[in-house]
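Engineer: Taken from TrEMBL, the feature domain 'Major facilitator superfamily (MFS) profile' covers 39-482. The feature region 'Disordered' is assigned by TrEMBL to 482-521. What TrEMBL records for 105-125, 132-152, 158-181, 193-221, 227-247, 331-353, 390-409, 421-446, 458-477 is transmembrane segment.
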Amino acid sequence: MVSNSRGNHVLVWEQPGLEDQRPKVYKGGLGTRHWVTFMLFLGMANAYVMRTNMSVAIVAMVNHTALPVSHEAMDTECGDVSPNSTKEVLQQDGEFVWSSPLQGYILSSFFYGYVITQIPFGILSKRYGARLFLGVGMLINSVFGLLVPVAAKAGYPWLILVRFIQGLGEGPIVPCSHAMLAKWIPPNERSRMGAAVYAGAQFGTVISMPLSGLLSAYGFAGGWPSIFYVFGLIGTVWCIAFLLFVSEDPEQCPRIKEAEKKYILNSLWGAAGSSSPPIPWKKILMSMPFWAIMLAHMGQNYGYETLMTELPTFMRQVLHFSIKDNGFVSALPYLCMWLFSMFISVVADWMLSSGRFNHTQVRKIINSIGEYGPAIGLFIAANTGCNPSATVAILAVGVGLNGGIYSGFKVNHLDISPRFAGILMAFTNCLANLTGLLAPIIAGYIIDGNPSQAQWRIVFYIAGGVYIFCATFYNLFSSGRRQDWDNPAEDDANAKKAAEKKARKSERKNASYENTAETAQ
């Protein structure tokens, strides 16, 4: 086992000069690390359920016919709505008279809270551990989810506040999951396990959208409120189970087998524990591979949030799907994304283990599929005209290819800096979500009062263009190699330099004090 002087562990085969030393494959079958991965998968699914259920529920919550622009609320370019469909639409009208821009602010309020907690939790998880922050944060998210119906009836400012607090609670999910992956998952399993965890986002979306549609139409407590009661309760149960049955790392886990524990620790070199060296902020900010991940993440979130929050509205206004069918149709692209992400993760790990491709090549190839694919899909879908089947099919394929990002930039943090992966993810996820929260607001203003195909085409073109620009930047500047500023072999030398610098600073301060005292005398 390779370790630094502090007893921390990091990737053996990611050491400078030792990239070809692959860890041995563990022959023990399913183990504790798979249980941790499964629980993180469920946590990610729960997080995205909480994030997406409002986008379906709001269609049933709003009284569309009471809006001042009700005559424009439905696009008629693809034919007038039939009497039966009109009757069904009227029956679906809710009690809240919220304009399209206000709906955009309600949908985005969650993300304002979400982005605020990204960096603090990334730093705190490095210092104190990730498990507790993740579990308690998601518990807050789930409990406040139960309060959404009450808040909505009290007034939209209260609803925005509750969704904002939900976002605060969900903040730890990505940086803390990343930090736990760095501690639990050996590098030769990282594409598969990482993709499995983050595929929970698509699984949650696939479950949330159709089930939310059914609950809106047939649920208890008036329909749409049951969405938040059901998912809030499920989320609370997961949080309790996670806090009880998941440990921070293999060394603190009482249930892990010794053979699996040794396998994990022997695969790592200086893992990101609380005793890791100080964060090299300046070097990180000067690192182009870090900024490549940042741009790729920002582009992904803008395009993804455009579709996730606005697709149900597009399905209703332009393609005239009912609220019940809307959830199923809107979920189809994310089902494709979930399935493709699992498939492509196996391909990515095979490419690495074959020896024909290095980490940099694999990340760029797979990420190109993941971001150019949906961009092309959005461009084509924007021009399919009055063909609902073709539009849905193209979006399903395009968004499905988006699953490549989980074996692309999404795990690239772990490649370039395993010890600081959680913090890197916190920063990229924070700025990415700041970008993403603009998506529903921009779309809301574009389609406000005029949800025509031409206006929706602008929404899709913007999202596709952002995808292409950011994916190209990633291809130019990304890397799959561990960066020099995260080299455990240099920890002692860096610590010595830091101590010497501190001593010199102290000496200068003391000398200045003595000179001041002498002058005063």
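Note that Cβ sites are derived from N, Cα and C of the backbone, with glycine treated the same way.
Since this is a predicted model, take the numbers as computed values, not measurements.
Are these features on the surface or tucked inside, and what are their neighbours?
Structural biologist: Long-range Cβ contacts of the transmembrane segment (132-152) within its own chain (Cβ-Cβ under 8 Å, at least 6 residues beyond either end) map to 43, 46-47, 50, 54, 61, 96, 117, 121, 124-125, 158-159, 161-163, 165-173, 176-177, 180, 221, 224-225, 228-229, 231-236, 238-240, 242-243, 246.
Using a Cβ-Cβ cut-off under 8 Å and counting only residues 6 or more beyond its ends in the same chain, the transmembrane segment (193-221) has close neighbours at 33, 37, 40-49, 51-53, 55-57, 59-60, 92, 149, 177, 181, 185, 227, 229-231, 308, 312, 323-328, 330-331, 334-335, 337-338, 341-342, 344-345, 348, 403, 406-407, 410-411, 414.
Long-range contacts of the transmembrane segment (331-353) within the same chain, counting only residues at least 6 positions beyond its ends with a Cβ under 8 Å from a Cβ of the stretch, are 22, 188-189, 191-192, 194-196, 198-199, 202-203, 205-210, 307, 311, 359, 361-362, 365-366, 369-370, 392, 395-404, 406-407.
Sequence-distant contacts of the transmembrane segment (421-446), counting only residues of its own chain at least 6 positions beyond either end whose CB sits under 8 Å from a CB of the stretch, comprise 100-101, 103-105, 107-108, 111-112, 114-115, 118-119, 121-123, 125-126, 130, 174-176, 178-179, 181-182, 272, 279, 284, 290, 293-294, 297-306, 309-310, 413-414, 455, 458-459, 462-463.
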Engineer: Six or more residues out from either end of the transmembrane segment (158-181), which same-chain residues have a Cβ under 8 Å from its Cβ atoms?
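Structural biologist: Contacts of the transmembrane segment (158-181) (Cβ under 8 Å, skipping residues fewer than 6 from its ends): 36, 40, 43-44, 47, 50-51, 54, 105-106, 109-118, 120-122, 125-126, 130-131, 133-134, 137-142, 144-145, 147-148, 151-152, 190, 193-194, 197-198, 248-249, 272, 413-414, 421-423, 425-426, 429.
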Engineer: On average, what pLDDT score does this prediction assign to the domain 'Major facilitator superfamily (MFS) profile' (39-482)?
Structural biologist: 82
